[in-house]
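First comes the structure, then the notes that go with it.
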Amino acid sequence: MALLPLHNGCRAWRGFESVLPTFDRMLGFLKEPVVVTAKINVNLVALTVLGLISRLWGLCYPRAVVFDEVYYGQFVSLYMKRIFFVDDSGPPFGHMLLALGGYLGGFDGNFLWNRIGAEYSMNVPVWSLRLLPALAGALCVPLAYQILVELHFSHCAAIGAALLILLENSLITQSRFMLLESILIFFILLAVLSYLKFYNLQKHSAFSGSWWFWLLLTGVACSCAVGVKYMGLFTYMLLLATAGLHFWHMIGDQNLSNVSLLCHFLARGLALIIIPVGLYLSFFYVHLALLYRSGPHDQIMTSAFQASLEGGLARITQGQPLEVAYGSQVTLRNVLGKPVQCWLHSHTNTYPIRYENGRGSSHQQQVTCYPFKDVNNWWIVKDPGMQQLVVSNPPRPVRHGHIVQLVHGITTRYLNTHDVAAPLSPHSQEVSCYIDYNISMPAQNLWRVEIVNRESDTDVWKTILSEVRFIHVNTSAVLKLSGASLPEWGYRQLEVVGEKLSKGYHQSMVWNVEEHRYGKSQEQKEREVELHSPTQMDISKNLSFMAKFTELQWKILTLKNEDTEHKYSSSALDWITMDTNIAYWLHPTSGAQIHLLGNVATWASANAAALAYLCLSLWYLLRRRRKIYDIPEDAWQLWMSAGGICGGGWAVNYLPFFLMEKTLFLYHYLPAVTFQILLIPVVLQHLSDHLCRSVLLKSMFSALLVAWFSWVYFVYCTFSPLSYGQPALSPSELRALRWKDTWNILIRKQ
């Protein structure tokens, strides 16, 4: 027993001896310096640095509101104050990015964005607000390089594409201010690059980590592009079509099993459809979470949406009962909200005996739709079989299909319609509050409640949530807002009519209860005091996110800006030849100014490249139809794939504007022209590789390229004072820059 520990100790020593070589190797490793080897693409680094310099230099100049900064700045301020707004120009992601710049700079939102040229106060972090658009514009330069590389063109062609983007005056101007186009173009190019990298990994690294990364990044970038502006949808559709075409070719590959094809299909569906949709929804979720306070745009939303915001209607409707009962006192808001939000209203004035055109009326009490909150907007929901105007205990709720009478709270007259033509809509019936003149015109004041958004025929009429129509029992007419403004005798209030059901359904026929309380006073004087007092009861109504999203999305898509004309608006045809420009800013005293104006040399070359690509493609197709192959098959595939991305990107981002009924500006063309610029080195390399076959021709072509690029650089330098706003130019210098008569270069009178 005494020898056992010694035996165990020897065994432990032998084990330690076996470990010593390992320790020696580790110590030997530590004696040498740790070296990490990395491959750095100097071209990419240099282009990125140049891009940053060109976009970030003098970013705070001018320290004044430039063009649409007056528009986006208002939204940034509202984000800082958490006040709800609706922008009909597109989704909220781009606005949130601009607001992020303001948040990082410590902006408190206190600045009056009332005019272009207004000097920024010291509390406005101009550099921070303009930083993200400038960074996005700068990164477009290396992205252009990478896209050409992934399309398998030479590094020389890729550098050429990047330099053309770098020296494009319009892209420089647009990216140096608090605007969205540079962010949109960045995400568009990122989506294209990501898809190309994913596709190039397909043959040898399918389902690898990098394969998944680039596929997922494609979907994310597409969603971000659409989230910035709906124009991003054009490139998203192009990439979806390209992915669909590539998958169609995969189906014909006999080396892939059915299971493998299914996995490829599901992976693309997840990355290119499901994730982008989810991410798009998340933009609205964050937007609505940030903007929880009532604001100036509430009125275009439904009552339920308004009541979900802090303050405003939420403060007014706090404590309201949910279920409308016989005896309830209510205000009825028209759901349409056009031309303005308004509430069913009446007052003691009557319709004139005869209108201006000689047509007679019933001379009954006027019923209108009034765009302001007023005590005359209150109505009492009455049971036709009972005289009481108060809520019983327990309350008897009104359900879908019930017959009611609507009694005007202040005048106690009943809502009525009859076979008399409406004042401004003679094809519809007049709506009035009945006055008994004892002239054989009986009251017709019974209305059937129809809940439009009910789930069953026994649904209870609910405050704010229920959308109802009132069907007149005697004539089957429906209570409707015509939208026409009455003359002076009607105080310019909006006309309400009785419309036949056969005319169809419209939101102007739908109403919802906005303010609601249970009536307690049967005596008229006590009831009037009650109607003048604020409501103090509550309704528990938490709109779901999807309900808010659906309503907000619909408002964005359908809300139209009334301004159809603008000094600098243009047509899509003007963009091709750059016959238009936009004056962004003018110095109040000197001749310094900033214009959105493209590099004439680049735009002309892009048009020529697009035309050359089209002509060559048609020529090759005709020749190939005759079994004549002018270029190798791999060159043909390269030519077609580059044209599909660059030419297709130009087409999908440009041609849809011919179908749009909206005010157009030159900056709408920038995504399209970016793709067209990428086509220039594609065509030039093709000409060099396949049409310049002798040494002499190649030398001449190279010399022409040098001269051409010198021309591009010269135009960039010439117009850079209008891109950066400095130095200030004299009137004669400004006149010299007016290369086209259609350009509106601003020249001060001496």
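Cβ atoms are placed via backbone N, Cα and C, with glycine included.
All annotation found in TrEMBL is predicted automatically rather than curated by experts.
As recorded in TrEMBL:
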DOMAIN    321-384  domain 'MIR'
DOMAIN    395-452  domain 'MIR'
DOMAIN    456-516  domain 'MIR'
TRANSMEM  93-113  transmembrane segment
TRANSMEM  125-145  transmembrane segment
TRANSMEM  151-167  transmembrane segment
TRANSMEM  179-199  transmembrane segment
TRANSMEM  211-228  transmembrane segment
TRANSMEM  233-251  transmembrane segment
TRANSMEM  271-292  transmembrane segment
TRANSMEM  600-622  transmembrane segment
TRANSMEM  634-652  transmembrane segment
TRANSMEM  664-684  transmembrane segment
TRANSMEM  696-716  transmembrane segment
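The stretches the transmembrane segment (93-113) and the transmembrane segment (233-251) do not meet in space: the count of Cβ pairs below 8 angstroms, excluding pairs fewer than 6 apart in sequence, stays at fewer than three. For the transmembrane segment (634-652), the list of distant contacts is 147, 151-153, 188, 192, 196, 234-235, 237-238, 242, 610, 613-614, 616-617, 620, 624, 671-676, 678-679, 682, 686, 689-690: same-chain residues at least six beyond its ends, Cβ to Cβ under 8 Å. Between the transmembrane segment (600-622) and the transmembrane segment (179-199) there are fewer than 3 Cβ pairs closer than 8 Å, counting only pairs 6 or more residues apart in sequence, which means the two stretches are not in contact.
Residues 140, 144, 147-148, 151, 153, 157-158, 160-161, 164-165, 168, 170-171, 174, 179, 181, 184-185, 188-189, 231, 234-235, 566, 568-572, 574-575, 578, 580-582, 596, 598, 602-603, 605-607, 609-610, 612-613, 616, 639, 642-643, 645-651, 653-654, 657, 705 of the same chain lie 6+ residues outside the transmembrane segment (664-684) yet bring a C-beta within less than 8 angstroms of a C-beta in it. Confidence over the domain 'MIR' (321-384), given as mean pLDDT on the 0 to 100 scale, stands at 89. Helix, strand and coil residue tallies for the domain 'MIR' (456-516), in that order: 9 helix, 29 strand, 23 coil [DSSP]. Residues 188, 191-192, 195, 199, 202, 218, 222, 225-226, 261, 264-265, 268, 272-273, 276, 644-645, 648-649, 652-653, 656, 671 of the same chain sit 6 or more residues outside the transmembrane segment (233-251) yet have a Cβ under 8 Å from a Cβ within it. The DSSP breakdown of the domain 'MIR' (321-384) into helical (H, G, I), extended (E, B) and coil residues amounts to 3 helix, 30 strand, 31 coil.
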